[in-house]
């Protein structure tokens, strides 16, 4: 462990917590200088999380459920808070849940951001959050048997599949509107999104009164896969495949979670290379989203032009990593490939071209007739809603909050540079787009800076040994926002628990508020503005995709609703 | 009563437009691909698409009724009737009963009515929204069209499309400025009627999964797509026949008609190229803002009336 008492960041938060709840704090354990796990009594859990969240500028980053019955006879919950007040650090509120009654007090009534996590932990571990307002399944499909909890250690072996228990979709979509509405189903497959997600829009004429949605149609069971079948280094390659766009961010987050847990010092040069590749990934991801914004507004010419230019970013990735996606570069302890002198020169040349071409395209986009009319004032995310639900990335920065993991909790090569953070106060799609545009040019500047004075030395350290049951966080700022991984090592050269939380997971819950009051025609545009990544979110459990998918679409019901429509759209 | 040669010409020009419609929409796709810096499909791609769709199975939603089934045929029939009456190759309308501006406007409205009705009949909510949008667009566009054409009729002293065209071409009108302004208003209305970006509200792909087209498949989709591209050509022919009739034949001589054909083809291609450039450099308008745009059209058309009164 590198942590020492003097350099620890975040001690005032603990002091405040002890002062507010004198008898609640049982234990504190420091994983690194800026990561501390505080064990609290189960009954004080909601109070402890809410105190850190609302009184000390905490944001809920993730929540980890863990089956620790073989270690201490209990289930464990870890609420990870990213503290972004005067001292920037991570405080993890930990509580043990008895294996006998399986109940814990829900945090959601005090901190709404916890809602998806608590629904998920209920699905995966069978722990019952008492007082959780929304008790529907989140992750498991409707035909999954009751009483089978995939992430428990004594759950059914991963090689088997449970028998489906229901033929029809039984999921209840929530509609809070006061007036009579008609239902417009967007999905499970819709023309503007190439991944399945089912949105129900409750509309009056063309105005969306309320919306609800469900994801997780294509779970890949990656966490279980990593825990049961893979060694530590294989999981870095699995993490690459969490996402088809921003997989490298996951790989870095996973690797650094294990490095933090074991106290491994990664060489500076490897850290810089990781940052360069993360920014390469950000460039092609943001260009993708800028193209999609054009596509959703019907401006396909812009879409095609952005994709033409994006090809340069892909070429860059191919040159630096050997594949068009930034795949297979990380190992625990460093990276597998160095950036050579010639590659450095080519990189500088390519990003110079990118800067010029993208600048031209942005000028065209901004001056396109009625583009601004489509995106300005549409899909508003109220800053207070954002504060309550802890969204991440350009979504939260577009609503005026200065949250960027690269600046707040500098990791990898970002320690070597000054990170600018761009925010916009418009809260609309235009703001999110402008944030992405600014970040694209930042990425170019960061790569140039890091290539200019790259630290010298080795790119990989293998001078460490795996120790069992060590755990820590690893995090990155992916193009869509913060990725948060939590890993606990096991005693069999495998992970005991790997919790991978992708950025879009935190952005889904606020989407409902962004859709309200807009028109049906803007819905795909609004969904697109969070740059959603379905597959990143859909990663947790083992689902027989074919069986679950083939029986879910209740078209008859939709048709019945459709004929009830009464109001014309223009009044 | 039209004689045999007039009837022959009417059928000939309707069939000609029908045959050329996929070529014109194919040309739009080529322009689109060029603007996208794509290779894109060839000029004849739409013929291949229609041929392919014709061989496919026709699947209908279980709740769809007779309106849904017959709409593609009604649509096609309306467009063909309009095509027979419009002065395309000649300065005069081959069948003057069909060439009246009121008849033409109502035939378009009939097609629109069934198009919207089929969307509601299909039972899909996207088609339903597309249908209500289609009707709303009709309410917004038709006044502009009416006003502009009535201006022209007022100036020429007839509601016959051929007579208006002849009057415009010869300059025998009360006020030239009024004609030009009315032409501009009509051009705007025609552009909206084309159903191209930024006004392809009912068939907006990203927003409504192509609206009323959503539930069609196989031969009926082919017929519908063909009718929609025919509609675009007919609408342009309508505009050209009234406001840009230059080059069309004054009589029924073979040479004159052929020359008229060449003139019409050139005008059609030029107009579609211009439309292609416009549609690929804009975003789709927000549906709620469309009334503001159509008010502009009404404004221009009213301006033309002012010019008529002043006599400029």
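Placed from the backbone N, Cα and C atoms, the Cβ positions cover glycine too.
Database features (TrEMBL):
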- A:39-154: domain 'NADH:ubiquinone oxidoreductase 30kDa subunit' (DOMAIN)
- A:223: Mg(2+) binding site (BINDING)
- A:243, A:246, A:533: Ni(2+) binding site (BINDING)
- A:246, A:536: Fe cation binding site (BINDING)
- A:298-467: domain 'NADH-quinone oxidoreductase subunit D' (DOMAIN)
- A:473-539: domain 'NADH-quinone oxidoreductase subunit D' (DOMAIN)
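Rounded to a whole number, the C-alpha distance linking residue A:246 (Ni(2+) binding site) with residue A:223 (Mg(2+) binding site) is 18 angstrom. Secondary structure at residue A:246 (Ni(2+) binding site), taken from DSSP and collapsed to helix, strand or coil, is coil. The domain 'NADH-quinone oxidoreductase subunit D' (A:298-467) scores a mean pLDDT of 92 in the predicted structure.
Across the domain 'NADH:ubiquinone oxidoreductase 30kDa subunit' (A:39-154), DSSP helix (H, G, I), strand (E, B) and coil residues number 32 helix, 41 strand, 43 coil. Comparing residue A:223 (Mg(2+) binding site) with residue A:243 (Ni(2+) binding site), their Cα atoms are 14 Å apart once rounded. Counting residues of the domain 'NADH-quinone oxidoreductase subunit D' (A:473-539) by DSSP class, helix then strand then coil, yields 27 helix, 24 strand, 16 coil.
In the three-state DSSP scheme, the residue listed as 'Mg(2+) binding site' is classed as helix. Residue density at residue A:246 (Ni(2+) binding site): 28 other Cβ atoms are found within 10 A of its Cβ, drawing on all protein chains shown. Around the Cβ of residue A:243 (Ni(2+) binding site), the number of neighbouring Cβ atoms within 10 Å comes to 28.
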